[in-house]
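Listed in TrEMBL for this protein:
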TRANSMEM  30-51  transmembrane segment
DOMAIN    90-305  domain 'ABC transmembrane type-1'
TRANSMEM  94-115  transmembrane segment
TRANSMEM  136-157  transmembrane segment
TRANSMEM  177-203  transmembrane segment
TRANSMEM  224-242  transmembrane segment
TRANSMEM  284-305  transmembrane segment
Amino acid sequence: MKALVEETVLPSTRPKVRSDFWRYVNRYKFYYLMLLPGIVLIAIFRIAPFYGITVAFKDYNIFKGINGSPWVGLDWFKVLFHHPDFFRILKNSLTINLLELIFVFPAPIVLALLLNELRMEWFKRVTQSIVYIPHFFSWVIVGGFIIRLLSPSTGPIRIVFEWLGVEPFMLLLQQSWFYPILVSGEIWKSAGWGTILYMAAITGIEQEQYEAAIMDGASRLRRMLHITLPGMAFVIVLNLVLQMGHMLDVGFEKIFILSNPSVQQISEVFSTYNYNVGIVQQRYSFSVALGLFQSVIGFGLVILANRIAKWLRNEAVF
């Protein structure tokens, strides 16, 4: 006699999940409609251009277009890596970015800590507004200001030369002065605007922690080191990880404006090199290959920095 086995078939939950999803979408449809223009914008200007990456693997001809240009594989990358100036430009890009990481990156952190210590609210707001202003100046204006400031004939630097008893000379023509001037200009332009995220992080710190520290007799410096800085830690890690993605990317405008033939040996970076070789000489495939190389290295550095941050402090962006 055969045993009768009853098979219990569990009802599939997929239709229910699907209906719940569309019910959720229908409930917040107006929010999704508000989000739609942003999605379309990203799709058109961020996702669709990814197709242009194929230009790096082709001998691109503007008359034949992307599809009509022949494939050349990794030839443009070989041209890039075997170029006699490649390692010099790589060194310049890394040097400038490391200097900015050491001096420019901490500047808004220090400024935010100092602004947080101001007790007069009106003075604090006015100071914040003033330090934000340089961010809205383009590098054309900032570069012109720096050139005029350091002019040995008409700039205020002439007074310093006279006071020191030194024969006036153009600092921007000296290789030893180019990096300090570049980094100082970047600090002046970006430090104030960079405080916004850090000030927001400080605002989120519970005031009870400061009150408890005051009751325990902690000085302002100790409160800053043991309460304020740890409260900013995640934002600092976030900015640091994202900064690593730009280690080979130095802003084109500031180098193009402040550079000159006297300092080209140390000032030429990938962005200006890409412009001079890829755009001016119309070697578009070479230009895309160089940009792809920078993006891949930057992506790898972001992943590495995130792993290190997670290992050291158990705080990571993703």
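Even glycines carry a Cβ here, placed using N, Cα and C.
Predicted automatically and left uncurated, TrEMBL annotations should be read as such.
Here the transmembrane segment (177-203) sits apart from the transmembrane segment (30-51); fewer than 3 CB pairs are under 8 Å, leaving out pairs fewer than 6 apart in sequence. Below 8 angstroms of C-beta separation, residues 66 of the same chain, each at least six residues beyond the ends of the transmembrane segment (30-51), sit close to that stretch. If you look at the transmembrane segment (284-305), the same-chain residues 6 or more away from its ends with a CB under 8 A from one of its CBs are 52-53, 55-60, 62, 69, 72, 76-77, 79-80, 240-242, 244-249, 270, 273-274, 277-278.
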